[in-house]
Amino acid sequence: MAKPIVFSGVQPSGELTIGNYLGALRNWVKMQEDYECIFCVVDLHAITVRQDPVALRKATLDVLALYLACGIDPNKSTIFVQSHVPEHTQLSWVLNCYTYFGEMSRMTQFKDKSARYAENINVGLFDYPVLMAADILLYQAKSVPVGDDQKQHLEITRDIANRFNALYGNIFTIPEIFIGKAGARIMSLQDPEKKMSKSDDNRNNVVTLLEDPKSVAKKIKRAVTDSDEPPVVRYDVQNKAGVSNLLDILSAVTDKPIADLEKEFEGKMYGHLKTAVADEVSTLLASLQERFHQYRNDETLLDNILRQGAEKARAKAQETLAKVYEAVGFVAAK
């Protein structure tokens, strides 16, 4: 029996954080056993914000090496760079013609990024969700692991697919949201009301996967908690967001249930919790970074993985695109 297909990707912009690892990459590794996984480095999405070309090339290979270091296996999963598979943009154009301007205007991420990058509000940024829809629908993905901030984009993907299918038959698989439970929402260290983001301008809010241990410890020990006297290490997202975030991180890294951690730190100071989090995160990252450098220093290996991944991805993508082209009435190339 064929495994259900999963598609997901990461932009090569900004450094990946422990939030990316605990909320996404670690779950992807586990999914390889039960799903046919297709993992992409989405460089076309990255250029909706201005990128330095040299930095973009480096970051693309960095993301690939991090995929491998985290445990994504090219023998089990298809791994490729988005721009290496032209069918993504070809399908995106067709889907544009079945997507309404009003739908795109309601996308909250476009509004947020437009405010942040007011000097470069480009059409690509506006059209980002349609390219994301093409990424997913091209591979007939059944499940898409996304964070809460991407739910709206997946919902519009489903709308576009249903609209197209209603006109032309069952061309596309309708994707479902897959949200991992453990570590799905790792929050900012200084502002635990918002999600940790690799694009955060305040670097004290994030711990990156390639950060040195001293910096990791420094940031975590400065993390926001609260002013309760005496301090109480208790999981309460509404009233103790900072403490809850540290417990989430520690639970995700150690696989210990939150309830067990609450008992472990009963009667202890917040400093004890922060030290434990810093130690566990540093140990995790030291091992991951060692594997990262082994892969990153072998660009021949990385190039081969990307070439083979693109070949596998294109074979599947071309099947879907051929069905779409036939459905809308394009003359097939001979």
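A Cβ is built for glycine as well, from the same backbone N, Cα and C atoms used for every other residue.
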Site co-member for ATP according to Swiss-Prot, given Q11, P12, S13, G19, N20, G147, D148, D149, K195, M196, S197, K198, S199, out of I136, I160, I186 = I186
Key: Cα distance (Å, whole number) from M196 (ATP binding site) to D135 (L-tryptophan binding site)   = 25
Note = When each of the binding-site residues Q11, S13, N20 is scored by other CB atoms within 10 A, the minimum falls on S13
Remark   = Counting Cβ atoms within 10 Å of each Cβ, the densest environment among the binding-site residues D135, D148 belongs to D135
Inquiry  = I'd like the per-state residue tally for the motif ''KMSKS' region' (195-199) from DSSP, helix first, then strand, then coil.
reply    = 0 helix, 1 strand, 4 coil
